[in-house]
Amino acid sequence: MIFRILLGSFLVFALSLVHAERALPQGIRSPAKREVRATAQDFFDYIHKDYQPRAEKLTAEDVEASWKFNTNITAHNEQEMIASSEKVAKFDKEIATYIRANFKDVDFSANATLKRVRDKLVLLGDANLPDAEFSELQTVEARMKNIYSTAKVCKTIGVHADDVEDKCPKEHQLELEPGITQLIQNSRDEPLLKHLWKSWRDATGRHMKHDYARYVVLKNKGAQMDGYADNGAAWRSTYVEPDLEYLDQNFIDEAEGIWQQLKPLYEQLHAYVRHSLQTQYPTVRGLRNPKGPIPAHLLGNMWAQQWSNLQDFSRPHPDKPSLDVTPAMVEKNYTANGMFHMSDDFFASLGLIRMPGKFWDHSMLSKPDPKERLVVCHASAWDFYNREDFRIKQCTDIRMKDFITVHHEMGHVEYYLQYKDLEIPFRRGANDGFHEAVGDTLALSVQTPSHLKSLGLLADSFNINDSDLEENSLYSMALEKIAFLPFGYLMDKYRYDIFNGKIKPENYNSKWWEYLAEYQGICAPVPRSEDDFDAGAKFHVPSSVPYMRYFVSFIIQFQFHEAMCKEAGYTGPLHRCDISDPSLGEGGKRAGALLAKTLKMGSSQPWQNAIETITKGKTRKMDAGPLLEFFKPMQEWLTKKNQELKLIPGWHKITDCSAENFTSWLTQYNTEASAVMFADVTASWNYQTNITDANEAAMLAASANSAAFTQAKSHEMEAIFNATDVLQLNKTERRVFEKLSKLGDAALEAGDFNSLKTLIANMEKTYSTAKVCKDRGIRLDMAKCPEKHQLELEPHIKDILDKSRDPEEMKYLWHAWRDATGKKMRKDYISYIGLKNKAAVADGYKDTAEVWRAPYVEPSYNYTDANFLEEVDKLWVQMKPLYQDLHAYIRVKLRDLYGDKVITNLNGPIPAHLLSNMWAQSWLGLLGDTQPFRGKPQLDVSTEMVAQKWDADKMFKTSEKFFTDLGLIAMPQEFWSKSMLTKPEGREVVCHASAWDFYNGKDFTIKQCTSPNMQDLFTVHQ
Ligand SMILES: [Zn+2]
């Protein structure tokens, strides 16, 4: 099925317009400079007497050539079409050149409208290009369109789109219209849907990627020659009104603002539909994720752009009928021709212009037999610019959706008819969105249950006042109108970014999926690569038709509808308004007259004036208000329903939800996790290198955020990949899976988590800010201790322990330090153990000790926790004799040093304060007093380091050189600029040496209160 709105109308509409703007038959006037300055009247005469008659003739011929190709795709017709385009382009150049030469300085102050004509006619677009490039662009575009229009896929799963001719039986070969479309809409066979979804992309986008890149270069060149930044800006120029100071950026901002306004409604619909699909397809992988995007092939539409075909299983009240009147249309023997006449009658009932006779003679209203000729089925409305020929080309099916499309296309022709007597450059919509909105606006009335009932398409038993039925009806409208919004918006956001160079050809497909994941919340059901070009699987991309118009149209059609309902005298809820309702009397005609008045303006005035006209002065802006008003009851229903079902609106931006793809999930995880972890580590670094209350609060917040993320991702992962899936992962993937299944502290509830982190921060602070007074009588009472006597662990206490040989001094410091630290945190530590163990148990461990040992355990090699404990014990037993020898030796040396009053028992343990280290963990400080051969040079180079003025920087540089000499990686620039290598002045820090990874791939730092001594030199290397 065609997206009806896509209305290829523009296809021709655009071509012909551009041509028209340029057309001037060759040789009518030589582009020589005039002697006398031209007046506005001269220009007016030129337009009406010279330019217009010839342009109309030439354009009609050109549109005819295009029509022929589109309704009969042959190489010959394609050549004719291209030749015609080239002819027109050539004339256009002459016109623009002539106007530029002769009417550049005309005083238009009394006639702004004429100036608008002049300004539009000097733009050439593609025709700016040198002949060879113009011709190349035509060829490239024709080739892409041709690929799209003639693409076929095989219904048999397993037959690749490239093998259709050879390997697919004729009766299984499918074209987009009607075969593929019907299956995508109606089939609930997931593997088949996936096959069709992929095959269509294989048959189209994949074959045009290179052409598209070339097309972009050429389009940009043409646009730039008109003075635009790029072709995206040229496309947006339909919305730009420099005289009103409404510039390119104003439009971009306004569109984004409108999308943001609508997003919450879309998210509610998305959440509800995702849930319905989960019920419909319980085994499909991509749907298991409760916060996942929706796999793109399940939405009843090749591009997931409108979801109307899901209402059979997702509508609010499944026991009540849906509003799909297709069966009734079939039953009543509707024909394509009949549907167009009904639409024509509807327009006439509002006092609008009927389709002229030639329309009925020349239009193509149903698909011709493909054996006879191939056609571009995409529905479109055509203006031949001769004020006589207007046509529609549509492969109309007998179904409700097509009935609405008929109105849509007729809306275009109605616009053509209303403005046909304006100057050619004004024969277009006030902006592109207006043109798309006309038919849709009227269809909003046609689609009301009351109107459908009046047409006899709803059974007499259908009670239009039943609120359940009304919800079904509004839901069906939401699947059509709300589901479309992000797609309508992103199509051109994506192409704007291609034209402006933000997206390069090598990223075409990955970026496309980023946009789909971001705006639509859909994901690819099979893996995609840069060999694919999935955007090219959508008509408007190969056909070079801008798309923002549909987004704009979907907004303003509700403004128009509201304005017309009001004009008709209707006062009820907007979604029930049918402007043709007989009870409104002449109201429908009044509304029709208001619309006609707006349409007649064409593009002769800024579109803001057109909005002002139709809203009768209420506003001059695009406004999402009427749309939201229309869907208010549905938004309320969805919000309530989602709450009942405990659904969370929104989705993770996963681009690939294919079965095989744990790796792709992981890639996504890594991207998201590095951002979260970077924030977490940064906050922690900031705190540890500057202990303040504010930094502590920031660290706790970042840490809580990180925990919430860990929890969410782990749950998500387990929701998507169940036990069977895990068995299919390879070893590395399974390791990752298992690691991510463990939450660590994040397994705690938020309250407990926060308590734990606060306990840790408090203990860390106690430890890091602890001081001991040198005066033994004062001990820990810093208020009484002179500043100079306040000893910190690093460097003061460490130094003293390293050098002092006064047992009383060492004992004092040893004892006071424990009082200043451990004793103060005893209670915190008990709570800490409780919480840590709680987290460990939640992760499936016995206790935190087992968690800490987990990195040593390798279940895949049958190396268990018990094995590890046993092995560590063994190592200790093995080392113990050596340690005992050293211990005995040192004990003797210490007795020699301190006498037997201090070392009372030669067979006993050594008093802990005598080992030159606060924790007796390294005895290096005793080297000078205990080495076997005193008097010989020591290996302790500390003294020498001080003498040679080594500083922290030199120590780290020396260490780095040692690493690089081994062929290892040098520290990056960020290391040297960000690390804290010495203890800073004026702020409290956690001195304990540590190395940091910020998880962003570039920031790695060390924090160390380095002193120039051998011990620290070792630590530096470590
Ligand atoms: Zn259209």
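Every residue number used here counts from 1 along the chain in the order it is shown.
Keep in mind that glycine also has a Cβ here, set from the backbone N, Cα and C atoms.
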Going by TrEMBL, HIS408, HIS412 bind Zn(2+) 2; tell me which of GLU372, GLU436, GLU470 is listed for that site too. GLU436
Quick test of reading the record: TrEMBL lists a disulfide for CYS154. Which of CYS168, CYS377 is on the other end? CYS168
Recorded disulfide counterpart of CYS565 (TrEMBL; options CYS523, CYS577): CYS577
Given CYS577 (disulfide bond) and HIS408 (Zn(2+) 2 binding site), what distance in Å do their CA atoms have, once rounded to a whole number? 18
Suppose we screen the recorded positions TYR239, CYS377, GLU436 by Cβ distance to ligand 1 with a cut-off under 6 Å; which survive, in sequence order? GLU436
Among all the protein chains here, how many other CB atoms are within 10 A of the CB of GLU436 (Zn(2+) 2 binding site)? 29
GLU436 (Zn(2+) 2 binding site): which of the recorded positions CYS154, CYS395, GLU409, HIS540, ARG549, CYS565 have a C-alpha within 10 angstroms of it? GLU409, ARG549
Cα-Cα distance linking CYS1009 (disulfide bond) and HIS412 (Zn(2+) 2 binding site), given in Å to the nearest integer: 76
